[in-house]
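What follows is a single structure, written as structure tokens, with notes after it.
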Amino acid sequence: MSKLITLGEYVIHKQQDFPHATGELSQIFGAIRLASKIVHREINKAGLVDIIGASGSDNVQGEQQQKLDVYANEKFKAAMEARGQICGMASEEEDSFISFNEGHSKGSKYVLLIDPLDGSSNIDVNVSVGTIFSIYRRISPLDGPVQLEDFLQPGNKQVAAGYVIFGSSTMLVYTTGNGVHGFTFDPSIGVFYLSHENMRTPEDGKIYSINEGNYIKFPQGVKQYLKYCQEMDPETNRPYTSRYIGSLVSDFHRNMIKGGIYMYPSYANAPNGKLRLLYECNPLAWIAEQSGGKATDGRRRILDIEPTELHQRVPYYVGSKNMVEKAEEFLRKCPDLNGAS
Ligand code: P6P
């Protein structure tokens, strides 16, 4: 029987997990909770009202924004600005960071990085999507303007990270460095209940997630690893199963629960892969590590990569520790000529 405790109560109860926080981080979680409930409502009625379809505007990546991308971004922005604990926000949907550093937000000490609705191209086909967020303490002087340096911090400096998965049920999963905890949304009363305390990623698994449509472009090491996954070997549970939803949060969440590896390698026309370091790879990498998993770019620990640009991309290998390490072994054995991993 899981404890009947809501996310809000749990965050307050675990206040000691938020180092040096004087209730501000729990207020930030309140904003994330509220915006997530609003996005949940819109996603669940998206098929009923004319909210689906491209909004016509493109985001910084040149990807056509779905209306719900824009909607979700606006809701998280509004919720954060209203509370005054966040002095700035960087989003996949915004070219540069947004400063809230005036009025009641002036001098607040946290910044938020977010992908408000990852995998949104799946919305039209009714497949799960997700929000991914990351929170840092700002490093620029509290009495000055928010700076780009506040956002370009390595993942090992995060104070909180999490995701919301809008799937068969809506769940919020987070870490503040003391384990990973999952909460399931009950829309009938509008609360997130603690449902998965201290989540653990199995050390091993038999699921691999990768877009094999790009096979011809993959580095040799990835091709060798896929061959390894597909060989017959009952000893090591092979051949593995291929599962690729096209929604990072969904593949990540399933692999965390069942064991598995998600890979988005780099290749010739995507020299740094596709996924963004700051608001996709870092938050999920911290959650992976906090639950016993691993996350690298094929060589380096994701959380130690020093960012240079807000929207920079990195190759991504994340999930069960032994699977990530096996993939890295193949990458080392077959270093790609153009350094892709
Ligand atoms: P591809 C969605 O656009 C996303 O960022 C992830 O959620 C997903 O895993 C990946 O890209 C899918 O990319 O190139 O395989 O379609």
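Cβ atoms are placed via backbone N, Cα and C, with glycine included.
A TrEMBL annotation is a machine prediction, not a hand-curated record.
Just one of Tyr174, Tyr240, Tyr244, Tyr317 is listed by TrEMBL for the same substrate site as Asp118, Gly119, Ser120, Ser121, Asn211, Lys274, and that one is Tyr244. For the Mg(2+) 1 site that TrEMBL gives as Asp115, Leu117, the extra residue drawn from Glu92, Glu93, Glu94 is Glu92.
Listed by TrEMBL as binding Mg(2+) 2 are Asp115, Asp118; the candidate from Glu280, Glu289, Glu306, Glu309 that the record includes in that site is Glu280. Among the binding-site residues Ser121, Asn211, Tyr244, Lys274, Glu280, the ones whose Cα sits within 10 Å of the Cα of Asp115 (Mg(2+) 1 binding site) are Glu280. The DSSP secondary structure for Glu280 (Mg(2+) 2 binding site) is helix. In this structure, of the binding-site residues Glu92, Asp118, Asn211, the smallest number of CB atoms within 10 A of the CB marks Asn211. The binding-site residues close to Glu92 (Mg(2+) 1 binding site), defined as a CA atom within 10 A of its CA, are Asp118 out of Asp118, Ser121, Tyr244, Lys274. Apart from Glu92, Asp115, Leu117, the residues listed for Mg(2+) 1, the same chain places the Cβ atoms of Asp69, Ala72, Asn73, Ser91, Glu93, Ile114, Pro116, Asp118, Ser120, Thr131, Ile132, Tyr279, Glu280 within 8 Å of the centroid of those Cβ atoms.
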